[in-house]
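First comes the structure, then the notes that go with it.
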Amino acid sequence: MHSRQRLHRFRQRKRLRHQRLCARIFHLDYLVVKNVNKPRVVVLTGAGISAESGIRTFRASDGLWEEHRVEDVATPEGYHRDPQTVQNFYNMRRRQLQQPEIAPNAAHLALAELEAALGDHFLLVTQNIDNLHERAGNKRIIHMHGELLKVRCSHSGQVFEWTDDLSVDERCHCCQFPAPLRPHVVWFGEMPLGMDHIYHALSQANVFIAIGTSGHVYPAAGFVHEARVHGAHTVELNLEPSEIQSQFDEHIYGPASKVVVEYVQSWLARHGLSER
């Protein structure tokens, strides 16, 4: 009698373990299928998404940037000619970015929500050097033009976090012979960062979305063409039509804090990814 009971309990435990194993396998299969079926989305953002957060767009109508000629403060030649002026310019921008009134707006938060829904099927490429996307919650991000709150060694290229003013006399001690530190910003004439990763993502994208971009700065202006060549649906969310608007399949114009939020919520709902 006791032997039969033990055998019965053994078989029950065996069935229960099998059921649990099957449930785990089914759940993993469901997660794999669900993840595979998620579209791959690449988002490109420009100055227009941060304008509503109080950060001025790149160039004013008079061709000046914060009362400076771009050639004087955003080129290697300008830096070598007058490093003090360039450092002062980026010190001013670094202080401005850290003012309490500068904060992510609704468009930044919407993109963080999109990333949370898509996981590793999402990549955010930004031309902006501010940190508003990170503060909103984005993690899968490439700053193709560098970051304002970082500096790098002019000799080794090693990058450091930096929130204070940067002096022309500041040196990096990571090298045998200390070299000057410069803003970790890509200037005109320099190669943007992360290009191999960006082009790989564009080649796999199902959807490409450009937000707040003018469409006249390359290579970023060529991303829509690259995405279309590989079959992606292309979307422009902008305050007004860009110089390359004809290359997009879909256009929605208006303030970023409005059109980006509405588009992301609608897109997530259509794909069954919305939590609302």
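Positions of Cβ are set from backbone N, Cα and C atoms, glycine also.
What TrEMBL says about this one:
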type: DOMAIN; residues: 18-274; note: domain 'Deacetylase sirtuin-type'
type: BINDING; residues: 46-65, 127-130, 212-214, 238-240, Ala256; note: NAD(+) binding site
type: BINDING; residues: Tyr90, Arg93; note: substrate binding site
type: ACT_SITE; residues: His145; note: active site, proton acceptor
type: BINDING; residues: Cys153, Cys172; note: Zn(2+) binding site
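Counting other CB atoms no more than 10 Å from each candidate's CB, the binding-site residues Ser50, Gln127 peak at Ser50. Taking His145 (active site, proton acceptor) as the reference point, the binding-site residues whose C-alpha atoms are within 10 Å of its C-alpha, out of Ser50, Gln127, Cys153, Cys172, Leu239, are Gln127. The shortest Cα-Cα distance between Gly54 (NAD(+) binding site) and any of the binding-site residues Tyr90, Arg93, Cys153, Cys172 is the one to Arg93. If you compare Cα positions, Leu239 (NAD(+) binding site) sits closest to Arg93 out of the binding-site residues Tyr90, Arg93, Cys153, Cys172.
Distance noted between the C-alpha atoms of Gln127 (NAD(+) binding site) and Cys172 (Zn(2+) binding site) is 26 Å. The 10 Å shell around the Cβ of Gly212 (NAD(+) binding site) contains 27 further Cβ atoms across the protein chains shown.
Around Tyr90 (substrate binding site), the same-chain residues at least 6 positions away in sequence with a Cβ under 8 Å from its Cβ are Val73, Leu148, Leu166, Pro183, Val185.
Taken residue by residue with DSSP, His145 (active site, proton acceptor) is part of neither helix nor strand, so it is coil. In the three-state DSSP scheme, Cys153 (Zn(2+) binding site) falls into the strand class. In the three-state DSSP scheme, Cys172 (Zn(2+) binding site) falls into the strand class.
Among the binding-site residues listed (Gly46, Ser50, Cys153, Cys172, Gly212), Ser50 has its Cα nearest to the Cα of Arg93 (substrate binding site). When the binding-site residues Gly46, Gly54 are compared by the number of other CB atoms within 10 angstroms of each CB, Gly54 has the fewest. Here Cys153 (Zn(2+) binding site) is positioned 28 angstrom away from Ser50 (NAD(+) binding site), judged by their C-alpha atoms.
Secondary structure from DSSP puts Arg93 (substrate binding site) in a helix.
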